[in-house]
């Protein structure tokens with residue numbers, strides 16, 4: 001019990017000494033030990049690293065999980081060491097709804113069939129998104145969090161300890177200075193004509209006491225200087241480790257970019273495949289117009305029927321004298337049969353229409369090759 005009281009009293013005294021030193025420094029009444037310029041630069045660099053790492057980490061969390069409630073739930077699960085439940089992505093949920101609707105509307109109808117295809121694609125997009133989220137969390141978010149919760153806490157702890165030792169050192173310097181001033185006053189030779197012998201003896205005794213006090217203060221100063229220098233070196237080594245942190249974060253950033261590129265590339269491929277599939281499906285509006293043309297009351301002599309369109313021979317089609325246009329290809333397209341023309345993205349082709357042809361298709365020509373091309377893959381130029 002006595003030991004605890006003494007320890008508490010000693011700690012309170014040390015805290016009071018540091019508080020007094022800190023206050024006097026702020027008021028300009030005490031000197032402050034300044035760190036060298038290189039050390040100050042290291043601390044500024046570390047503070048800057050912490051500041052921007054924290055901002056990048058928080059915003060990356062928002063990018064990967066925009067729902068704040070979900071982020072809070074995941075944070076609590078991690079703190080409690082519980083397994084974070086697997087979440088269905090929005091794209092997967094949308095795809096499931098589309099497929100359920102397709103079954104209700106009948107897969108044999110154009111709308112139901114299209115819903116089924118789009119729903120399947122949305123599910124694939126959702127799976128790619130989940131894989132991207134997992135990869136990014138492991139390769140990018142985790143290293144940033146480890147720095148903020150591990151390395152930076154250690155650096156902050158050592159810097160606080162260094163600041164406390166610096167206050168102790170400056171307090172010791174102040175005590176030494178005051179003790180030397182008192183010793184000098186006590187050592188001043190008294191006037192024997194006006195000073196009694198008893199006072200002279202007391203003055204000599206006080207001088208000896210102040211000399212002892214100076215020696216004690218200088219001893220404490222040497223100890224404080226040694227502890228401060230040792231802590232400064234430890235803190236310097238930790239601050240210099242920020243360079244290694246930058247190298248590690250650079251590698252993680254490259255991995256994050258690669259994960260993003262792979263994710264968007266996969267999404268692009270899925271959408272291209274979906275567009276090709278939709279280009280081969282019958283269009284509901286085209287079917288309605290076809291049914292109208294096939295009505296006996298509307299068939300006239302010389303008009304083209306759907307059967308004639310299906311049996312259209314591409315090699316016999318001739319480009320009209322007027323009405324041809326240039327078009328830029330938006331996406332790659334692989335011909336399904338010999339009547340179609342394969343396309344590459346960004347190439348320019350000549351297109352035109354022929355009587356009786358489906359409105360979703362055009363005749364395209366590039367060089368000596370000719371064939372049907374889907375309108376959805378083209379950007380018509382003036």
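Any Cβ shown, glycine's included, is placed from N, Cα and C.
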- So which range, 127-154, 155-182, 239-266, 267-294, gets flagged coiled coil in TrEMBL? 155-182
- Message: If you look at how TrEMBL annotates this chain, which of 207-234, 319-346, 347-374 comes out as coiled coil?
- Response: 207-234
